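Listed features, source Swiss-Prot:
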BINDING   23, 80, 123, 450  (6S)-5-formyl-5,6,7,8-tetrahydrofolate binding site
DOMAIN    219-372  domain 'TrmE-type G'
BINDING   229, 248, 250, 253  K(+) binding site
BINDING   229-234, 248-254, 273-276, 353-355  GTP binding site
BINDING   233, 254  Mg(2+) binding site
């Protein structure tokens, strides 16, 4: 499969709509436009034209826009045909384009291939390319703003600034190593230690902001766990603001997980209602309980719901013992509206009434705190786990470099190597140093047509 052959795809989402777009990218598309329309197209002008089949039948009418390289999304020639958004019509337009461009090597695009070409042609760096997919997938205004900040290059600029400063330090170290006869005290003359301290401080700041970006993009997987009839389904409905889960007084009503995404201050939380945990002979309910424990194992946060009107029993103790130690657990005592006296809760617990709405605002804010979200922080750009991992790797190498800078013998070659590794970690974020396997994994997650 040639990376330079022209490609085509329907660029709009599946289904019916007012407008649908067929996008083509590749070299020398002026010839293809001539074949499709029998006339040349003026670059960057919208032409209202009929879209015809090979036998002259009019398939649709719409706008044809030709973008000449390099002034296009991909950096190649791009031809966009904007017609009506019916699936059958768009498939016919795409088929006609592929037929007309067959001898030119025109083929259907792979998922994410248009954006991959934009990256390879240096129209976008890798972090910006990922932001395209994040903008498409954004499920809240905050996530959309964060994705747009990344797409505009805000995150990449911060990474590039740190990379440039590390390169400058490396250059000075290498010069010192290459010309030992000059007897230059590198660490003193070029103030390497304070420079390194400033670098480390700025990188730590970037890591903290990246954590916020990861939370905004990926959210938190929150599992509601507890015995039957403690109010798990009622709490899910209260947080969602809708009757998502069935609520009855019958124990064991919920037998399989119910997942609902909610947003608190723009942060996505994936709330999972689960089957009540108890000993049972019911085969179907037993399957649901086993699935509950699997959900608990993969949770980012567990809300252990308990009924304040019922005293704890051996089953509560069994549940607590089996909860994974590595996962944060918030004890939530429900149905406080049914008590005659004020409830005296435990430390690190919350008292609520899912049906009465008592304590739900406090619960929402507590969820954000446990997620690590800082509402007072600067509005973040979106980040991915791989970005955060790369930043943390760079920080580790700078920490080791700092240790070498403190040594009396000043082992500059080791100092230089740690700077190189820190720089390599940072450039992996923007794609200046990235394996083909990683590129394939990233762009394969895109939708076709983008």
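Positions of Cβ are set from backbone N, Cα and C atoms, glycine also.
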Assigned conformation of residue 229 (K(+) binding site) - DSSP reduced to three states:
coil
Among 23, 123, the one of these binding-site residues whose Cβ has the fewest neighbouring Cβ atoms within 10 Å:
123
Just how many other Cβ atoms lie inside 10 Å of the Cβ on residue 275 (GTP binding site)?
27
So if I draw a 10 Å sphere around the Cβ of residue 232 (GTP binding site), how many other Cβ atoms end up inside it?
31
Between residue 275 (GTP binding site) and residue 80 ((6S)-5-formyl-5,6,7,8-tetrahydrofolate binding site), how far is it from one CA atom to the other, in Å?
50
Using C-alpha atoms only, work out the spacing between residue 80 ((6S)-5-formyl-5,6,7,8-tetrahydrofolate binding site) and residue 232 (GTP binding site) and round it to an integer in Å.
50
Return the residues near residue 354 (GTP binding site) by Cβ distance under 8 Å, restricted to its own chain and a separation of at least 6 in sequence.
231, 234, 235, 237, 238, 334, 335, 360
DSSP secondary structure for residue 80 ((6S)-5-formyl-5,6,7,8-tetrahydrofolate binding site), reduced to helix/strand/coil, please.
strand
